[in-house]
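Beneath this line is the structure, given in structure tokens, with notes to follow.
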Amino acid sequence: MRNPLGWAALTLFSLLFFAFIYAPLFVIVGYSFNANPVNMMIWEGFTLDWYTGLFGLTERSMDANSRAAYIESTDQMLAALRNSLFVAVFTTTIATVMGTATAIALARFRFRGRRLYDGFLMLPMMMPDIVLGIGLLIFFVTLGMQLSLLTIIIGHCTFLTSYVFIIVQARMAGLDPALEEASADLGASEWVTLRKVLLPQLAPGIMGGALLAFVISMDDLVITYFVSGTGDTTLPVFIFGMIRRGVKPEINAIATLLILASVAIAALGLWLRSRKTD
Amino acid sequence: MTALLEIRGARREFVTPEGGRLAALDGVDLDVGANEFVTLLGPSGCGKTTLLRAVSGFETLDGGTIRLDGADIAALPPFRRPVNTVFQSYALFGHMTVARNVGYALEVQGVPRATYEAEVAAALEKVGLSGLGGRKPSQLSGGQRQRVALARAIIAKPRLLLLDEPLSALDRNLRQQMQIELKALQHRLGIAFVFVTHDQEEALTMSDRIVVMRAGRIEQIGTPRDIYRQPKNRFVAEFIGETNLFPVLVERIEGATALARTDAGVVLAIPAEGRRAGERVTAILRPTDLALAGEGIRGTVTRAVYLGADLHLFVQPAAGGPEISVTTRDVASLPATGETVHLAHDPARVHLLAEA
Ligand SMILES: Nc1ncnc2c1ncn2[C@@H]1O[C@H](COP(=O)(O)OP(=O)(O)OP(=O)(O)O)[C@@H](O)[C@H]1O
Ligand SMILES: [Mg+2]
């Protein structure tokens, strides 16, 4: 079974595979330490300036030429990051509550059109982002709503609720209905059962759904692009706009920090999932 | 005496996926006394769980009434009924410790901390789990989980405890041990148990009374002895314990006994009381009621099985008809397969069914 040649080929393949996936990330991390302010592809020495600059610790002196290359200030970039976090936190909260409530309702109550409802909840996940984006934009304009962070939050909630729903529903399906019956049998009202038995049992699913919603919300470009106004925008949209004019080196630093944050969140998610509550 | 639990004309129909209707409960009447151990026994799908769930409130009846202490409880939701359940799957809360599982009913009632602690400790003690309160259910063995489920269900001092096949997941030894412990616990607590099983041996050893069910109806209610010795019909006779059934024609009466003959020609002595010649009845003889002797029903041993102290024989009657099963203590005489033997019985031990 242990054909050495096959084994070597398999090892090589997996190495290449991971290189393929992670190389772009490493490039960014590398660039974020490059002192060259104008052309990041030319290594000019190691610096932490882009990081310290992000937090307003140093103001790197640039010659007039390179300064002119950038329209956006670091402050604007940080504002975009703040907006992203703001949107993600609100979206995650709303989508998690709605997705969880829907998953519980669909699993525990029988009503007409249940199957249809189920199908409709899947749809926003499968819909191309661009369609959802245009749809939302037209919707907001029709209602006469000013595009703002609020419209971004509403837009994100429309599809992230579905993500949370799917994950919590899977957890719900694996739950022994006798647990809730045991709780009721021991004198707990439905509300107490929800609080003391159902939600703790669903917790890993709910946390997983919330983390996913948070990460997708932080990351979304297409839908946000349509529903964000001229003023406030999120980091992905901001970066996207910036690339067309030339990339400010701080971007690499921000990207590196975001990678770190994502890894931390993913690790947290895995840890929560591995904690068994059976 | 008024019963603790009074079920009258309980009916429950389900719509089957094929579109038909199935009466899971088809007019059930049952009384359970305040300190009684009643077992529901019957084949799979006969409605035992449905009946239990109707009492605990998880199933609503289509007809009939359920009274507890004389009060109709139909309108009460499960969490307001003074009845607790031990679930077949145990249904322990995996995110709570054993102690919190056990104390759940008190926690929900908002019992003061000191009382709570004392009661939980007492309940754990009662089921022999002192010291394991800090564990999670997943860190317990099957038998220990079973005890947690039991402790959790009795802590609120219900008037009536419902147990749906609580022992079916345990191995034989543990099962027998738990049977004894359960019975002792019921005695100590002085509350009524309604216990579901489809193991007839379990029913015989534990119950004050057995309720034999079939297809949503009660076939017979009685003490284990009644059910075993005087089954009302063939179904009960065949369901409880091993049975030899002889459909016979009564030939002649000779004082206190009558002689009867199967169609194949096996002759049996049966009690004469109430019999008349020419009548068709079914005679029931338990394997333990037959013994090896010098004369009696002649037959050939087809199989001999040791059951520890007992020897179980299958004998093909020379006259023909189905094999007869015999349990004997008399291992000394050890008949071999193929040997001819004679089976004798005491006519008084024969139970008769009117149906032929
Ligand atoms: N929710 C339901 N929907 C449809 N039919 C049901 C439902 N619950 C039970 N039944 C049917 O009602 C009948 C009685 O079921 P029940 O669970 O009471 O049987 P049981 O005696 O407990 O059997 P077992 O020994 O296998 O547990 C069965 O035929 C079952 O298929
Ligand atoms: Mg059952």
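Numbering starts at 1 and runs along the chain as it is shown here.
Glycine too: its Cβ is placed from the backbone N, Cα and C atoms.
These numbers come from a predicted model, not from an experiment.
Look at TrEMBL and you will find A:7-33 (among others) tagged as transmembrane segment.
Marked as domain 'ABC transmembrane type-1' by TrEMBL: A:81-269.
Residues or ranges marked as transmembrane segment in TrEMBL: A:85-107 (among others).
What TrEMBL records for A:119-141 (among others) is transmembrane segment.
Taken from TrEMBL, the feature transmembrane segment applies to A:147-168 (among others). Sequence-distant contacts of the transmembrane segment (A:147-168) (same chain, at least 6 residues past either end, Cβ-Cβ under 8 Å): 83, 86-87, 90-92, 94-96, 98-100, 102-104, 121-125, 127, 132-133, 136-137, 140, 202, 205-206, 208-210, 212-213, 216-217, 220, 223-224, 226-232, 234.
The transmembrane segment annotation in TrEMBL covers A:197-216 (among others).
Annotated transmembrane segment per TrEMBL: A:222-241 (among others), in sequence order.
For A:253-272 (among others), the entry in TrEMBL reads transmembrane segment.
Pairs of Cβ atoms less than 8 Å apart link the transmembrane segment (A:253-272) most often to A:7-33, out of A:7-33, A:85-107, A:119-141, A:222-241. Within the same chain, residues 40-41, 46-48, 50-51, 249, 252-253, 255-256, 259 sit at least 6 positions outside the transmembrane segment (A:7-33) and bring their C-beta atoms closer than 8 Å to a C-beta of that stretch.
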